[in-house]
Amino acid sequence: MVGKITVITGPMYSGKTTELLSFVEIYNIGRKKTIVFKPSIDNRYGEDIVSTHTGFKVSAIRISKSREILDYIRDSIDAVFVDEIQFFDLELVDVVKELVFKGIDVYCAGLDISYLENPFETTAKLLAMADEVIKKKAVCEKCGEHRATYSYKIIPNGGEIDVGGKEKYIALCRKCLSEIKKQEVIL
Ligand code: ADP
Ligand code: TMP
Ligand code: MG
Ligand code: ZN
């Protein structure tokens, strides 16, 4: 038996973690054995949980290197879930391959691009390998339309890897981002 790879991606607030956790629930209702991982760098909501922006939480194992996932894999595991894949090293790609060849389904969620619009490499590679890609959109915080594909950093400091929420980032659609960029040039 072989597993399948599902990647959920999009900007901040687009519901990536919500969708990931809804898949966890589906497996759990079906009495399947699941395990959830997150990168140790993400300390936003407490140490050993994955949480959505609305506060829905599940227990998770915090790891700093992708390889550590393999230390937790037992024969009984049916599905592995990884949130914030953009923060993981590229070895996640090989780890995911190893898991699916063991017959385990793998669900990954994470940002496609940074606020500087650079693709996150680990997400990009996993998207290329996925059996299913779920690309989510957020509500644009300027025009209110459900077509935001960008995460905009309100105060552009702190670097490309910078954990945070609404105090740092908002979701924008391309039209509103382009308008803001024009204003930035004038200022
Ligand atoms: P992600 O992991 O993609 O950042 P979450 O699943 O954690 O997203 O959170 C999604 C939730 O965030 C939505 O259900 C909604 O309640 C809330 N939210 C806050 N801002 C927005 C926005 N701009 N667009 C859509 N949802 C938003
Ligand atoms: P989220 O997609 O679940 O909202 O989480 C995204 C995390 O990534 C959040 O901690 C902010 C962080 N982040 C960066 O480190 N760099 C970026 O360029 C962006 C857009 C977000
Ligand atoms: Mg999330
Ligand atoms: Zn907009």
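For all residues, glycine too, the Cβ spot is worked out from N, Cα and C.
If you take the C-beta of Ser14 (ATP binding site) and look for same-chain residues 6 or more apart in sequence within under 8 angstroms, you find Lys136, Lys137, Ala138, Ala148, Ala171. Under the DSSP three-state reduction, Ser14 (ATP binding site) is assigned to coil, being neither helix nor strand. Sequence annotations record features per position, and here TrEMBL assigns ATP binding site to Gly10, Pro11, Met12, Tyr13, Ser14, Gly15, Lys16, Thr17, Asp83, Glu84, Ile85, Gln86.
Taken from TrEMBL, the feature active site, proton acceptor applies to Glu84. The DSSP secondary structure for Glu84 (active site, proton acceptor) is coil.
Under the DSSP three-state reduction, Cys173 (Zn(2+) binding site) is assigned to coil, being neither helix nor strand. Of all the Cβ atoms in the protein chains shown, 23 others lie within 10 Å of the Cβ of Cys173 (Zn(2+) binding site). Sequence annotations record features per position, and here TrEMBL assigns Zn(2+) binding site to Cys140, Cys143, Cys173, Cys176.
Here TrEMBL flags Ile161, Asp162, Val163, Gly164, Tyr169 as substrate binding site. Counting every protein chain shown, the Cβ of Tyr169 (substrate binding site) has 20 other Cβ atoms within 10 Å.
Proximity of the binding-site residues Met12, Lys16, Asp83, Ile161, Gly164, Cys173 to ligand 1, judged by a Cβ distance under 6 angstroms to any of its atoms, singles out Met12, Lys16 in sequence order. Each residue contributes its Cα atom, and for Gly10 (ATP binding site) and Val163 (substrate binding site) these two points are 16 Å apart.
Among the binding-site residues Met12, Ser14, Cys176, residues whose Cβ is positioned under 6 Å from ligand 2 are identified as Met12. With every protein chain in view, the residue among the binding-site residues Met12, Ile85, Cys140 whose Cβ has the most Cβ partners within 10 Å turns out to be Ile85. Listed in chain order, the residues near the Zn(2+) site other than Cys140, Cys143, Cys173, Cys176 are Glu141, Lys142, Gly144, Glu145, Arg147, Ala148, Leu172, Arg174, Lys175, Leu177, each with its Cβ within 8 Å of the site Cβ centroid. A 10 Å radius around the C-alpha of Tyr169 (substrate binding site) takes in these recorded positions out of Met12, Asp83, Glu84, Ile85, Cys140, Cys143, in sequence order: Met12.
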